[in-house]
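As recorded in Swiss-Prot:
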type: COMPBIAS; residues: 540-565; note: compositional bias 'Basic and acidic residues'
type: COMPBIAS; residues: 578-588; note: compositional bias 'Polar residues'
type: DOMAIN; residues: 33-313; note: domain 'IF rod'
type: MOD_RES; residues: 5; note: phosphoserine
type: MOD_RES; residues: 35; note: N-acetylalanine
type: MOD_RES; residues: 334; note: phosphoserine
type: MOD_RES; residues: 508; note: phosphoserine
type: MOD_RES; residues: 607; note: phosphoserine
type: REGION; residues: 1-33; note: region 'Head'
type: REGION; residues: 34-68; note: region 'Coil 1A'
type: REGION; residues: 69-77; note: region 'Linker 1'
type: REGION; residues: 78-177; note: region 'Coil 1B'
type: REGION; residues: 178-194; note: region 'Linker 12'
type: REGION; residues: 195-313; note: region 'Coil 2'
type: REGION; residues: 314-617; note: region 'Tail'
type: REGION; residues: 381-429; note: region 'Disordered'
type: REGION; residues: 499-617; note: region 'Disordered'
C-alpha cells in the first residue's frame, strides 16, 4: 500500500511539474506576474498533497506496526490469523475508500485540466490576436514615419522655393520701382497733349490699314486651308485605294513569292552541294595527280629493278641446261590459263636475292648497266630512221647478230665466271622457280591452242608493292588512261597485232650489238669498235649478255652512276613473245660445249623475225 501510494504521488508530482511549463513556454507572455502566482499556488498545492500522502503512509505504517505487535502478543495462531484477516479486511475497506477518494480527485483534476486547457487556448488566441495587432501597428507606424519623412522633405523643398520666390519678388519689385521712376521722369519731360493726340490718330489710321490687310490675308489663308483640306481628303482616298491594291497584290503574289523562295533555297542547296562536290573532285584530282606521279616513280623503279634482275639472271638462264623443249620453227603456243603460273614463276625467279648482300657488286652487273646506257642512247636516235626502213633494219639486225655471234664463238667467258663466287644467287629459290617454269613450259608446249584475248587487268599500287589482278597474257600491252579513272590504279589494255607470214614485220629500232674484239679480223666501224660484249634482245624482254673485254673496266665506275639517273627502256613483247622466249632459251641451253657465239647464232636461226615494240618510260 505504501509503495503504490508513493508511486502514484510521484507520478502526480511529475505531471504537475510538467503542466505549468506550457503557458510559461509561450513567447510573448503578457502577464508574467499572474503566471508566477499560478506557479506558486500549484507548488503549494503539490506540497500539501505530498504532506497528506505522507500522513496517510505514516498512519498505515503505524497500523501495521500495531497489528504486528498484537500478533506477537497473542498466544493462539487462530486468533492471530483471524485478527490478521480482520486487519486485511479493514485495510481493503480503507483502500476502497481511498480509491473512491482518488477517483473523485481524478475527476476534479480532469475538470481543472479542461478548464486550464480552455484558458490556455483562449490565452493563445489572445496572444495571436495581440501579435497580429502589434505587427499591424508596427507597419502603420513605419508607414507614418515614412510619410512624416516625405512631408519633411517636401517642407524643406517648399521652404527653399519660398526663399527663392521671395528673392525673385524682391528683385522684380526693385525693377518695377526703377521703371516707375523712369516713367515719371519721361512724363515730366513729355511734349504737349495735342502732339500726343495727333500722333495717336496717325497711329490709329495705320493700325486700321494694317488690320484690313491682315483680314484680307486671313481670308486668303482660309481659302487655301479649305483647298488643302479638299486635296488632303482626295489624297487620303487615293492612299486607301492604293493600300487596298497593295494588299490585294500581296495576297495574290504571296504564293508565288513562297514558291520562288523555295526554288531559291533549292538552288542555293544545289550550289552548295556542287561546291562541295567540286572541292571533293579537286581534292580527288590532286590525290590522283599525286598517285599518278607516285605510280610513275614506282613503275620507273620497278622497270629498273626488273631490268637489272633480268640482266643478272640471264647468265643463269644461259648456263642452266634445259633439254626438255624442242619446238618446231613455226609452232604456235597457247596463251591460256597457264600464263598466270608462268608469270608467277618468272616473278619467283626475279625475286631471288644474293646471299652475300654485304659484298661489292660483281663485274657483270656493272657491264649490264653500261649496256643499258648504250641502249638508251640508241633508242633516242634510231626510232624515226627505223620507221622509214623497217626491212633494212631487220636485215641488219639479223646479219650483225650472226656475224658477231660467229666471231665470238671462240671467246667463251661467262658472266658467272667473271663474277666469281662473290655474287651467287639463292640456289633453292632459283631451283624451285626453274621447276615451276619447266612445268609451265611443258604444259604450254604440249597443247596447240589459239591465243585467247584476255580481259584488261588493273594494276594497283599499295605501299612499295604492285598487286596484279586478273589473268594477263603475253600479248602486246599498252598503258592508257580510262574515261573513268580508278583511284590509285593503272588500267592496262591488251591489243593483238596480226603477224604477216610474207616477211613484212612491224618496224622497230635496231639494238646495238657490241662486237667481240678477239683479233680474228672482224670488220671495223660500229660493229668492231667494241667487240668484247654481245647483247641479244628477244621478244619478251630477256637479254642474253656476254662479258666484254677487260679493257673497258676503267669506264665501269663512271657509267654505273649514270645508269641510275637515265630512264630505262621497257621492251614489250609482241603476240608470239612466249614461244620465241622459250625456243631461244632451249636453243641456248642445248648448245652443249659450244661457245656463247654459237648458242646465240642457233637462237637467232630458230627464232622467226618478229617485231619489237619499244615504249620509253
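Along the chain as shown, residues are numbered 1 onward.
Just so it is clear, glycine is given a Cβ too, placed from its N, Cα and C backbone atoms.
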Residue 35 (N-acetylalanine) in three-state DSSP notation: helix
For the region 'Coil 2' (195-313), the number of residues DSSP places in helix, strand and coil: 119 helix, 0 strand, 0 coil
Residues in the region 'Coil 1B' (78-177) grouped by DSSP into helix, strand and remaining coil: 100 helix, 0 strand, 0 coil
Other CB atoms, at most 10 A from the CB of residue 35 (N-acetylalanine): 16
